[in-house]
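Feature annotations, reproduced from Swiss-Prot:
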- C209, C212, C229, H242: Zn(2+) binding site (BINDING)
- K309: SUMO2 cross-link (CROSSLNK)
- K403: SUMO2 cross-link (CROSSLNK)
- 650-691: domain 'UBA 1' (DOMAIN)
- 185-293: zinc finger (ZN_FING)
Amino acid sequence: MQRRGALFSVPGGGGKMAAGDLGELLVPHMPTIRVPRSGDRVYKNECAFSYDSPNSEGGLYVCMNTFLAFGREHVERHFRKTGQSVYMHLKRHMREKVRGASGGALPKRRNSKIFLDLDMDDDLNSDDYEYEDEAKLVIFPDHYEIALPNIEELPALVTIACDAVLSSKSPYRKQDPDTWENEVPVSKYANNLVQLDNGVRIPPSGWKCARCDLRENLWLNLTDGSVLCGKWFFDSSGGNGHALEHYRDMGYPLAVKLGTITPDGADVYSFQEEGPVSDPHLAKHLAHFGIDMLHTQGTENGLRDNDIKPRVSEWEVIQESGTKLKPMYGPGYTGLKNLGNSCYLSSVMQAIFSIPEFQRAYVGNLPRIFDYSPLDPTQDFNTQMTKLGHGLLSGQYSKPPVKSELIEQVMKEEHKPQQNGISPRMFKAFVSKSHPEFSSNRQQDAQEFFLHLVNLVERNRIGSENPSDVFRFLVEERIQCCQTRKVRYTERVDYLMQLPVAMEAATNKDELITYELMRREAEANRRPLPELVRAKIPFSACLQAFAEPDNVDDFWSSALQAKSAGVKTSRFASFPEYLVVQIKKFTFGLDWVPRKFDVSIDMPDLLDISHLRARGLQPGEEELPDISPPIVIPDDSKDRLMNQLIDPSDIDESSVMQLAEMGFPLEACRKAVYFTGNTGAEVAFNWIIVHMEEPDFAEPLAIPGYGGAGASVFGATGLDNQPPEEIVAIITSMGFQRNQAVQALQATNHNLERALDWIFSHPEFEEDSDFVIEMENNANANIVSEAKPEGPRVKDGSGMYELFAFISHMGTSTMSGHYVCHIKKEGRWVIYNDHKVCASERPPKDLGYMYFYRRIPS
């Protein structure tokens, strides 16, 4: 029976088609239409490949099977790749509110149930506009359109699916860490916790487990002040379980993890309750051991009242307040909206995408990266980097208002707001999802995020192209045994130069002393504070402090076969193409209060560090014997190593990340963690020291019997690792060669999505295709690659640099405050302050935190 009343559009703008044909159109696609489950992420605010939204001119298309969203330019790509034909098209129409009798009324919302969770444009005054939301189903490839809501005419399953999509919450709210942080229970021991009056005071640094030498994953027992290491399986970090043993011996229930204490709280664990807990009296319990966690929490932003006025000038100078700054528009002048303490990410990404190598690697390869992206591009690093880079560089989201367009819009009574600035919400959600700090809404250290990003770029490099190579350099470390005078030269990889602040070299010491006396007097008499006097530090003094020898704690002398005093000096074994300099402004006082050196350093526009070039072993120097220190593995770790061979897929990635951030090759870090049985980064580090001279040190982990991602495909026997034919068929149906599909699946443990990533990241495959076919056909082949291990990739050159960008921080610590970025483009400085991009009039180069230099060609 023909349904009555419903009509839908026919492509080409022709007539209408009767509703009775709705069922016939949807029947072939019914198996692909899903109702979102509780764990599904439904994207209806933002395209997976661009920053298009329902506010965009073309609206947004939500796939009714994957619930991914696509702008008009990208929906066809998803249709071709997946064959999914049914999409929900979402469009928001905005009009300026008619003034008069209705003036001052609340904005008019039509179809109010459609976009309950749609983000509003913060730049628009909602009192001035009304909007109408439109939703319809679109069937590809013929673009049949069915208006929604259409309860009477659509099949029940389709109606339920549409309602579920329209009422779903944002996927970012689902993964907001505050959701689970608030669910941590209050410990039943917190109110009446017994604390021993034993005189223990905990220093702000230099901690070590009281029962072993571990210096990471340390926990402070809140009863007796013991500092002991945690268990490796608690939070995926290394430890020998001495904190748990102490609880079993003494029964003291609560411990706090050192290194997580902030004015907002800390990680507290209850051994008795066997899980994370909250302690409402944590400040008092920490104060018992000399830790004043609330010392910086006098105001909402975490600053003491006395800290506010002295810092006002810093905020004004860095943001160039009081100066009328000219807004900048167009390619390369797009801002990033602040998601709430996300300015550290925005500043780093603006600097990163001002570098041509990153522009070419991602935006330059956009069609290829997007075409070969995995089925869920929101969970792919390269796709999201490309999306962000295109958003920043295309100019598509940074357009100046044009008078003629404004007049035309007024005549049509429809407002088409220009989108200035993009929201990095999808990018931040992905790059921070495995990091406990970056995934929070708290302020973070821009330097730490920079290293985290470099690590992700390294792990997800596109074939042989790795844009982070421009930052990589080799550091030569010379360690001298003070007792025998013998030396050892080693090299390590680094990505930035950390420059100490030479406070003792201040050129205005008399002014500083006078200011400090006046400040204390004003505080004592509750008078206004004097105008801030900032220490002026010569850059040359900081450079000299970097070159000075450092004492080495716990140095093991191979000449003495025992621990001894040692001194270390560092030099550049190679100079990077781009030099990142971090000014070490942040520290902790003895009272545990985070402090920032409020200094002015005369950073040069032209930098010459050629004199810091490493020279290697000098005549007359005698090398320390090449003897490694003994590896000490705890007894419980030995038992676990003897009795259990872990699966390569279970490798503790957090320990791998810790080691990789020290500069060791990623595959070497994976092997170190694997062969030490997931016993923590400390033990794995010792393994690296022992094995780093071996020829296969940096080669991928290859375990007989496993075909994981780390295993070399050339080390497998032909039929031992044959992938299922149905998965091979899926890949070949996408246009890839069969032998290409087989090799990709063998290299990724038969994981379909990872295999597609592998194919895209190995463009050199075709050159070796004949060899792969021969290997596949020969079931008894056992060919092992004899390629030499690849050393660190560095781009050495001269030590002459010019400044092109710097990131500045305002506030007293990395846990609070604000970041902005200045970049020199087209001969002039530009300030990037979240979504605001303006020409800089007075760039505060002396107050920066991170500086980006590019090498001057010799």
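Keep in mind that glycine also has a Cβ here, set from the backbone N, Cα and C atoms.
Remember, it's a predicted structure, so these values are computed and weren't measured experimentally.
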Checklist entry - When a 10 Å sphere is centred on the Cβ of C212 (Zn(2+) binding site), how many other Cβ atoms does it contain? => result 15
Checklist entry - Whose Cβ lies within 8 Å of the mean position of the Cβ atoms of C209, C212, C229, H242, the Zn(2+) site, other than those residues? => result A210, R211, D213, L214, L218, L228, G239, N240, G241, A243
Checklist entry - For C229 (Zn(2+) binding site), what is the tally of other C-beta atoms lying within 10 angstroms of its C-beta? => result 30
Checklist outcome for this item: DSSP says H242 (Zn(2+) binding site), in three-state terms, is helix
Item to check | Tally of DSSP helical, extended and coil residues in the domain 'UBA 1' (650-691) | outcome: 30 helix, 0 strand, 12 coil
Checklist entry - Can you count the other CB atoms that lie within 10 A of the CB of H242 (Zn(2+) binding site)? => result 22
Checklist entry - Do any residues at least six apart in sequence from C209 (Zn(2+) binding site), in the same chain, have a Cβ closer than 8 Å to its Cβ, and if so which, in order? => result R215, L218, V227, L228, C229, N240, H242
